[in-house]
Amino acid sequence: MKILVDENMPYARDLFSRLGEVTAVPGRPIPVAQLADADALMVRSVTKVNESLLAGKPIKFVGTATAGTDHVDEAWLKQAGIGFSAAPGCNAIAVVEYVFSSLLMLAERDGFSLHDRTVGIVGVGNVGRRLQARLEALGIKTLLCDPPRVDRGDEGDFRSLDELVQHADILTFHTPLFKDGPYKTLHLADEKLIRSLKPGAILINACRGAVVDNTALLTCLNEGQKLSVVLDVWEGEPELNVELLTKVDIGTPHIAGYTLEGKARGTTQVFEAYSKFIGHEQHVALDTLLPAPEFGRITLHGPLDQPTLKRLVHLVYDVRRDDAPLRKVAGIPGEFDKLRKNYLERREWSSLYVICDDASAASLLCKLGFNAVHHPAR
(Lines of atoms letter the chains of each structure in order from A; the text may use other names.)
(Lines give C-alpha, C1' and ligand atoms only; values in the text may rest on other atoms or scores of the structure.)
Protein backbone atom coordinates (compact mmCIF):
# COMPACT_ATOMS: atom_id res chain seq x y z
CA MET A 1 0.00 0.00 0.00
CA LYS A 2 1.51 3.33 -1.10
CA ILE A 3 0.58 6.51 0.75
CA LEU A 4 1.58 9.98 -0.46
CA VAL A 5 1.84 12.61 2.26
CA ASP A 6 2.55 16.33 2.07
CA GLU A 7 6.16 16.85 3.09
CA ASN A 8 5.09 19.57 5.54
CA MET A 9 2.73 17.38 7.56
CA PRO A 10 4.51 16.77 10.88
CA TYR A 11 4.65 13.19 12.14
CA ALA A 12 3.08 11.94 8.88
CA ARG A 13 5.98 9.67 7.93
CA ASP A 14 6.10 7.97 11.31
CA LEU A 15 2.35 7.54 11.66
CA PHE A 16 1.40 6.47 8.15
CA SER A 17 4.35 4.07 7.93
CA ARG A 18 2.34 1.94 10.35
CA LEU A 19 -0.16 1.43 7.55
CA GLY A 20 1.96 1.19 4.41
CA GLU A 21 4.80 2.59 2.31
CA VAL A 22 5.05 6.36 2.75
CA THR A 23 6.37 8.87 0.21
CA ALA A 24 6.61 12.55 1.18
CA VAL A 25 5.94 14.97 -1.69
CA PRO A 26 5.60 18.75 -2.11
CA GLY A 27 2.05 20.00 -1.87
CA ARG A 28 2.33 22.75 -4.46
CA PRO A 29 2.58 21.37 -7.05
CA ILE A 30 1.87 17.69 -6.43
CA PRO A 31 4.16 15.54 -8.62
CA VAL A 32 1.48 13.90 -10.75
CA ALA A 33 3.68 10.95 -11.71
CA GLN A 34 3.70 9.84 -8.08
CA LEU A 35 -0.08 9.39 -8.17
CA ALA A 36 0.11 6.63 -10.78
CA ASP A 37 0.56 3.84 -8.24
CA ALA A 38 -0.59 5.45 -4.99
CA ASP A 39 -3.49 4.21 -2.87
CA ALA A 40 -3.96 7.27 -0.66
CA LEU A 41 -3.14 10.98 -0.73
CA MET A 42 -2.74 13.18 2.35
CA VAL A 43 -2.67 16.92 1.63
CA ARG A 44 -2.88 20.39 3.14
CA SER A 45 -4.72 23.47 1.89
CA VAL A 46 -2.12 24.28 -0.79
CA THR A 47 -3.13 21.26 -2.90
CA LYS A 48 -6.18 21.47 -5.16
CA VAL A 49 -7.82 18.04 -5.14
CA ASN A 50 -10.27 17.53 -7.98
CA GLU A 51 -11.05 15.50 -11.09
CA SER A 52 -8.19 16.96 -13.10
CA LEU A 53 -5.71 15.79 -10.45
CA LEU A 54 -7.09 12.33 -9.70
CA ALA A 55 -9.13 11.12 -12.69
CA GLY A 56 -7.79 7.77 -13.85
CA LYS A 57 -5.54 7.42 -10.79
CA PRO A 58 -5.82 4.50 -8.34
CA ILE A 59 -6.28 6.76 -5.30
CA LYS A 60 -8.90 5.28 -2.96
CA PHE A 61 -8.70 7.80 -0.11
CA VAL A 62 -7.89 11.49 0.29
CA GLY A 63 -7.22 13.13 3.64
CA THR A 64 -6.63 16.82 4.25
CA ALA A 65 -4.91 17.74 7.50
CA THR A 66 -6.85 21.01 7.58
CA ALA A 67 -10.14 22.25 8.95
CA GLY A 68 -11.11 23.99 5.71
CA THR A 69 -12.02 21.95 2.64
CA ASP A 70 -12.59 24.49 -0.14
CA HIS A 71 -9.46 23.16 -1.88
CA VAL A 72 -11.12 19.74 -2.23
CA ASP A 73 -13.91 18.86 -4.67
CA GLU A 74 -15.80 16.67 -2.22
CA ALA A 75 -18.70 16.10 -4.62
CA TRP A 76 -16.39 14.66 -7.27
CA LEU A 77 -14.60 12.45 -4.73
CA LYS A 78 -17.93 11.03 -3.62
CA GLN A 79 -19.02 10.46 -7.22
CA ALA A 80 -15.71 8.72 -7.94
CA GLY A 81 -16.06 6.49 -4.87
CA ILE A 82 -12.97 7.92 -3.19
CA GLY A 83 -12.98 8.07 0.60
CA PHE A 84 -12.38 11.45 2.21
CA SER A 85 -11.64 12.95 5.59
CA ALA A 86 -10.73 16.41 6.81
CA ALA A 87 -9.55 17.53 10.25
CA PRO A 88 -12.26 19.87 11.54
CA GLY A 89 -11.15 22.03 14.43
CA CYS A 90 -7.54 20.85 14.31
CA ASN A 91 -6.07 24.36 14.22
CA ALA A 92 -8.91 26.31 15.83
CA ILE A 93 -6.98 27.01 19.02
CA ALA A 94 -4.00 28.22 17.01
CA VAL A 95 -6.12 30.69 15.03
CA VAL A 96 -7.73 32.03 18.21
CA GLU A 97 -4.31 32.57 19.75
CA TYR A 98 -3.13 34.32 16.56
CA VAL A 99 -6.06 36.74 16.86
CA PHE A 100 -5.26 37.41 20.53
CA SER A 101 -1.58 37.99 19.78
CA SER A 102 -2.56 40.52 17.11
CA LEU A 103 -5.14 42.32 19.24
CA LEU A 104 -2.86 42.59 22.26
CA MET A 105 -0.10 44.02 20.06
CA LEU A 106 -2.45 46.61 18.56
CA ALA A 107 -3.88 47.45 21.99
CA GLU A 108 -0.43 48.12 23.39
CA ARG A 109 0.64 50.12 20.35
CA ASP A 110 -2.50 52.26 20.20
CA GLY A 111 -3.10 52.51 23.94
CA PHE A 112 -6.57 51.00 24.35
CA SER A 113 -8.12 48.39 26.61
CA LEU A 114 -9.86 45.42 25.02
CA HIS A 115 -12.49 45.73 27.74
CA ASP A 116 -13.62 48.93 26.04
CA ARG A 117 -14.05 47.25 22.66
CA THR A 118 -16.84 45.17 21.14
CA VAL A 119 -15.70 42.25 18.98
CA GLY A 120 -17.84 41.10 16.07
CA ILE A 121 -17.20 37.47 15.11
CA VAL A 122 -18.34 36.43 11.63
CA GLY A 123 -18.53 32.64 11.49
CA VAL A 124 -19.16 30.82 14.76
CA GLY A 125 -17.72 27.38 14.10
CA ASN A 126 -14.72 25.75 15.73
CA VAL A 127 -12.68 28.96 15.67
CA GLY A 128 -15.42 31.51 16.26
CA ARG A 129 -16.92 29.69 19.23
CA ARG A 130 -13.54 29.29 20.93
CA LEU A 131 -12.70 32.93 20.29
CA GLN A 132 -16.02 33.99 21.79
CA ALA A 133 -15.41 31.89 24.91
CA ARG A 134 -11.96 33.32 25.55
CA LEU A 135 -13.01 36.91 24.92
CA GLU A 136 -16.01 36.59 27.22
CA ALA A 137 -13.82 34.98 29.90
CA LEU A 138 -11.98 38.31 29.89
CA GLY A 139 -15.23 40.26 30.09
CA ILE A 140 -15.03 41.49 26.50
CA LYS A 141 -18.35 41.96 24.70
CA THR A 142 -18.89 39.89 21.56
CA LEU A 143 -21.44 40.00 18.75
CA LEU A 144 -21.99 36.88 16.65
CA CYS A 145 -23.00 36.49 13.00
CA ASP A 146 -23.60 33.09 11.39
CA PRO A 147 -26.61 32.90 9.02
CA PRO A 148 -26.33 29.13 8.38
CA ARG A 149 -26.60 28.45 12.12
CA VAL A 150 -29.58 30.78 12.39
CA ASP A 151 -31.35 28.92 9.59
CA ARG A 152 -30.58 25.57 11.24
CA GLY A 153 -32.13 26.81 14.45
CA ASP A 154 -28.92 26.69 16.48
CA GLU A 155 -29.05 28.31 19.89
CA GLY A 156 -27.31 31.64 20.27
CA ASP A 157 -27.77 35.38 20.14
CA PHE A 158 -26.95 35.84 16.47
CA ARG A 159 -27.00 39.22 14.77
CA SER A 160 -26.99 40.35 11.16
CA LEU A 161 -23.72 41.30 9.50
CA ASP A 162 -25.03 44.86 9.19
CA GLU A 163 -25.46 45.00 12.98
CA LEU A 164 -21.89 43.84 13.52
CA VAL A 165 -20.55 46.42 11.09
CA GLN A 166 -22.53 49.13 12.86
CA HIS A 167 -21.61 48.23 16.43
CA ALA A 168 -18.32 46.30 16.44
CA ASP A 169 -14.98 47.99 17.06
CA ILE A 170 -13.22 44.81 15.92
CA LEU A 171 -14.56 42.63 13.10
CA THR A 172 -12.93 39.23 12.64
CA PHE A 173 -13.80 36.68 9.95
CA HIS A 174 -13.77 32.92 10.54
CA THR A 175 -15.92 31.49 7.75
CA PRO A 176 -15.39 28.90 5.02
CA LEU A 177 -15.11 30.21 1.46
CA PHE A 178 -18.34 29.71 -0.48
CA LYS A 179 -18.17 31.17 -3.98
CA ASP A 180 -21.92 31.07 -4.56
CA GLY A 181 -25.17 29.88 -3.01
CA PRO A 182 -27.32 31.28 -0.20
CA TYR A 183 -24.35 31.56 2.17
CA LYS A 184 -21.85 33.01 -0.27
CA THR A 185 -18.77 34.36 1.51
CA LEU A 186 -16.72 35.37 -1.53
CA HIS A 187 -16.01 39.10 -0.96
CA LEU A 188 -18.27 39.05 2.08
CA ALA A 189 -16.24 42.05 3.18
CA ASP A 190 -16.76 44.12 0.04
CA GLU A 191 -16.15 47.82 -0.51
CA LYS A 192 -19.53 48.78 0.93
CA LEU A 193 -18.90 46.84 4.14
CA ILE A 194 -15.36 48.14 4.54
CA ARG A 195 -16.46 51.76 4.08
CA SER A 196 -19.23 51.22 6.65
CA LEU A 197 -16.89 50.14 9.46
CA LYS A 198 -16.60 52.41 12.48
CA PRO A 199 -13.74 54.93 12.35
CA GLY A 200 -10.68 53.34 13.91
CA ALA A 201 -12.10 49.82 13.62
CA ILE A 202 -9.91 46.73 13.37
CA LEU A 203 -10.52 44.27 10.51
CA ILE A 204 -9.09 40.75 10.82
CA ASN A 205 -9.13 37.99 8.22
CA ALA A 206 -7.65 34.64 9.25
CA CYS A 207 -9.92 32.30 7.29
CA ARG A 208 -9.73 32.50 3.48
CA GLY A 209 -8.23 35.35 1.47
CA ALA A 210 -11.15 35.95 -0.87
CA VAL A 211 -13.60 36.48 2.01
CA VAL A 212 -12.24 40.05 2.02
CA ASP A 213 -12.13 41.90 -1.30
CA ASN A 214 -8.43 42.80 -1.32
CA THR A 215 -8.75 45.33 -4.13
CA ALA A 216 -11.56 47.16 -2.35
CA LEU A 217 -9.63 47.08 0.92
CA LEU A 218 -6.58 48.63 -0.73
CA THR A 219 -8.74 51.33 -2.31
CA CYS A 220 -10.21 52.28 1.07
CA LEU A 221 -6.80 52.34 2.76
CA ASN A 222 -5.29 54.40 -0.05
CA GLU A 223 -8.11 56.92 0.36
CA GLY A 224 -7.14 57.34 4.01
CA GLN A 225 -9.88 55.37 5.76
CA LYS A 226 -9.02 55.11 9.45
CA LEU A 227 -8.79 51.36 9.81
CA SER A 228 -6.37 48.86 11.33
CA VAL A 229 -6.01 45.63 9.34
CA VAL A 230 -4.70 42.17 10.19
CA LEU A 231 -4.42 39.79 7.23
CA ASP A 232 -3.12 36.25 7.45
CA VAL A 233 -4.76 35.20 4.18
CA TRP A 234 -4.69 36.82 0.76
CA GLU A 235 -6.53 36.66 -2.52
CA GLY A 236 -4.50 34.78 -5.11
CA GLU A 237 -2.16 32.98 -2.72
CA PRO A 238 0.71 32.28 -2.95
CA GLU A 239 0.80 35.57 -4.86
CA LEU A 240 -0.34 38.60 -2.91
CA ASN A 241 -0.90 42.28 -3.43
CA VAL A 242 2.41 43.74 -2.25
CA GLU A 243 0.99 47.26 -2.07
CA LEU A 244 -1.77 46.01 0.23
CA LEU A 245 0.83 44.38 2.47
CA THR A 246 2.53 47.76 2.90
CA LYS A 247 -0.78 49.27 4.08
CA VAL A 248 -1.91 46.65 6.63
CA ASP A 249 -0.85 46.71 10.26
CA ILE A 250 -0.10 42.99 10.47
CA GLY A 251 0.49 40.77 7.44
CA THR A 252 1.45 37.10 7.67
CA PRO A 253 1.78 34.20 5.17
CA HIS A 254 -1.31 32.09 6.01
CA ILE A 255 0.16 30.69 9.21
CA ALA A 256 -2.49 31.56 11.81
CA GLY A 257 -3.22 27.87 12.33
CA TYR A 258 0.41 26.77 12.24
CA THR A 259 1.06 25.69 15.82
CA LEU A 260 2.86 22.40 16.30
CA GLU A 261 -0.19 21.16 18.21
CA GLY A 262 -2.55 22.23 15.43
CA LYS A 263 -0.49 20.56 12.72
CA ALA A 264 -0.15 17.41 14.80
CA ARG A 265 -3.92 17.29 15.40
CA GLY A 266 -4.49 17.56 11.66
CA THR A 267 -2.12 14.69 10.93
CA THR A 268 -3.47 12.44 13.66
CA GLN A 269 -7.10 13.08 12.68
CA VAL A 270 -6.58 12.02 9.06
CA PHE A 271 -4.34 9.13 10.16
CA GLU A 272 -7.09 7.81 12.42
CA ALA A 273 -9.69 8.30 9.68
CA TYR A 274 -7.60 6.42 7.12
CA SER A 275 -6.77 3.60 9.52
CA LYS A 276 -10.50 3.15 10.08
CA PHE A 277 -11.16 3.33 6.32
CA ILE A 278 -8.82 0.40 5.63
CA GLY A 279 -10.08 -1.63 8.58
CA HIS A 280 -7.06 -1.24 10.88
CA GLU A 281 -8.41 1.43 13.22
CA GLN A 282 -5.78 3.08 15.40
CA HIS A 283 -5.78 5.99 17.84
CA VAL A 284 -2.94 8.34 18.72
CA ALA A 285 -2.51 10.38 21.91
CA LEU A 286 -1.28 13.84 20.92
CA ASP A 287 0.98 14.21 23.95
CA THR A 288 2.96 11.12 22.89
CA LEU A 289 4.10 12.99 19.76
CA LEU A 290 4.86 16.51 20.99
CA PRO A 291 8.31 17.52 22.26
CA ALA A 292 8.89 19.33 25.54
CA PRO A 293 8.12 23.07 25.20
CA GLU A 294 10.86 25.68 25.21
CA PHE A 295 9.68 27.12 28.53
CA GLY A 296 8.96 24.53 31.21
CA ARG A 297 7.25 26.68 33.82
CA ILE A 298 7.07 30.27 35.00
CA THR A 299 5.70 31.96 38.11
CA LEU A 300 3.17 34.79 37.98
CA HIS A 301 2.81 37.05 41.00
CA GLY A 302 -0.40 38.99 41.53
CA PRO A 303 -3.53 39.47 39.43
CA LEU A 304 -3.80 39.15 35.66
CA ASP A 305 -4.24 42.46 33.83
CA GLN A 306 -4.01 43.21 30.10
CA PRO A 307 -0.29 44.14 30.04
CA THR A 308 0.56 40.95 31.95
CA LEU A 309 -1.60 38.85 29.64
CA LYS A 310 0.10 40.45 26.65
CA ARG A 311 3.53 39.51 28.00
CA LEU A 312 2.43 35.92 28.64
CA VAL A 313 0.82 35.58 25.22
CA HIS A 314 3.83 37.03 23.43
CA LEU A 315 6.17 34.83 25.43
CA VAL A 316 4.53 31.90 23.65
CA TYR A 317 3.82 33.64 20.32
CA ASP A 318 4.34 37.22 19.16
CA VAL A 319 2.68 37.72 15.76
CA ARG A 320 5.34 40.25 14.76
CA ARG A 321 7.83 37.41 14.28
CA ASP A 322 5.80 36.38 11.20
CA ASP A 323 4.98 39.87 9.93
CA ALA A 324 8.54 41.06 9.36
CA PRO A 325 9.77 38.09 7.25
CA LEU A 326 6.82 38.39 4.85
CA ARG A 327 7.46 42.09 4.27
CA LYS A 328 11.10 41.32 3.55
CA VAL A 329 10.39 38.84 0.72
CA ALA A 330 6.96 39.90 -0.56
CA GLY A 331 6.74 39.79 -4.33
CA ILE A 332 9.65 37.37 -4.78
CA PRO A 333 8.37 34.20 -6.50
CA GLY A 334 8.29 31.15 -4.24
CA GLU A 335 9.05 32.99 -1.01
CA PHE A 336 5.48 32.91 0.36
CA ASP A 337 5.45 29.11 0.28
CA LYS A 338 9.03 28.96 1.54
CA LEU A 339 8.05 30.88 4.67
CA ARG A 340 5.31 28.34 5.32
CA LYS A 341 7.50 25.33 4.56
CA ASN A 342 10.33 26.52 6.82
CA TYR A 343 8.06 27.83 9.56
CA LEU A 344 9.65 28.13 12.99
CA GLU A 345 8.15 25.89 15.65
CA ARG A 346 5.28 27.60 17.43
CA ARG A 347 3.45 26.22 20.45
CA GLU A 348 0.03 26.88 21.96
CA TRP A 349 -0.63 28.56 25.29
CA SER A 350 -1.31 25.18 26.88
CA SER A 351 2.41 24.41 26.56
CA LEU A 352 3.19 27.09 29.15
CA TYR A 353 2.90 25.94 32.78
CA VAL A 354 2.11 28.99 34.90
CA ILE A 355 2.28 28.92 38.70
CA CYS A 356 0.11 31.71 40.15
CA ASP A 357 -0.01 33.00 43.70
CA ASP A 358 -3.35 34.66 42.87
CA ALA A 359 -6.28 32.23 42.63
CA SER A 360 -8.31 34.39 40.27
CA ALA A 361 -5.35 34.71 37.90
CA ALA A 362 -4.90 30.94 37.81
CA SER A 363 -8.61 30.40 37.18
CA LEU A 364 -8.71 32.95 34.36
CA LEU A 365 -5.57 31.61 32.70
CA CYS A 366 -7.07 28.12 32.70
CA LYS A 367 -10.21 29.46 31.01
CA LEU A 368 -7.97 31.07 28.39
CA GLY A 369 -6.20 27.80 27.66
CA PHE A 370 -3.00 28.13 29.65
CA ASN A 371 -1.78 25.30 31.86
CA ALA A 372 -2.06 27.22 35.13
CA VAL A 373 -2.16 26.23 38.80
CA HIS A 374 -2.64 28.17 42.02
CA HIS A 375 0.06 28.00 44.68
CA PRO A 376 -0.49 30.60 47.44
CA ALA A 377 2.52 32.69 48.35
CA ARG A 378 4.13 31.71 51.64
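Yeah, the Cβs are placed from backbone N, Cα and C, and that goes for glycine too.
Taken verbatim from Swiss-Prot:
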{"type": "BINDING", "residues": "SER45, THR66, TYR258", "note": "substrate binding site"}
{"type": "BINDING", "residues": "ASP146, THR175, ASP232, GLY257", "note": "NAD(+) binding site"}
{"type": "ACT_SITE", "residues": "ARG208", "note": "active site"}
{"type": "ACT_SITE", "residues": "GLU237", "note": "active site"}
{"type": "ACT_SITE", "residues": "HIS254", "note": "active site, proton donor"}
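Location within the structure of each feature annotated in Swiss-Prot.
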residue: SER45; record: substrate binding site; DSSP class: coil
residue: THR66; record: substrate binding site; DSSP class: coil
residue: ASP146; record: NAD(+) binding site; DSSP class: coil
residue: THR175; record: NAD(+) binding site; DSSP class: coil
residue: ARG208; record: active site; DSSP class: coil
residue: ASP232; record: NAD(+) binding site; DSSP class: coil
residue: GLU237; record: active site; DSSP class: coil
residue: HIS254; record: active site, proton donor; DSSP class: coil
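Fewest other C-beta atoms within 10 Å: among the recorded positions ASP146, GLU237, that description fits GLU237.
Nearest neighbour of the residue listed as 'active site, proton donor' by Cα distance, taken over the binding-site residues SER45, ASP146, THR175: SER45. If you take the Cα of THR175 (NAD(+) binding site) and the Cα of ARG208 (active site), they are about 8 angstrom apart, rounded to a whole number. SER45 (substrate binding site) counts 23 other C-beta atoms within 10 Å of its own C-beta, drawing on all protein chains shown. Using ARG208 (active site) as the reference Cα, a 10 A cut-off selects ASP232 from the binding-site residues THR66, ASP232, GLY257. Spatially, by CA atoms, the recorded positions ASP232, GLU237, GLY257 include one closest to THR66 (substrate binding site), and that is GLY257. Comparing the Cα of SER45 (substrate binding site) with the Cα of every entry in ASP146, ASP232, GLU237, these being the recorded positions, the smallest distance points to GLU237. For GLY257 (NAD(+) binding site), the same-chain residues lying six or more positions away in sequence with a CB closer than 8 A to its CB are THR66, ALA67, CYS90, ASN91, ALA92, ALA94, VAL95, TYR98. Spanning the listed substrate site, residues SER45, THR66, TYR258 have a farthest Cα to Cα distance of 12 Å. Neighbours of the substrate site: apart from SER45, THR66, TYR258, residues of the same chain with C-beta atoms within 8 angstroms of the site's C-beta centroid are ARG44, VAL46, ALA65, ALA67, GLY68, ASN91, HIS254, GLY257, LYS263, GLY266.
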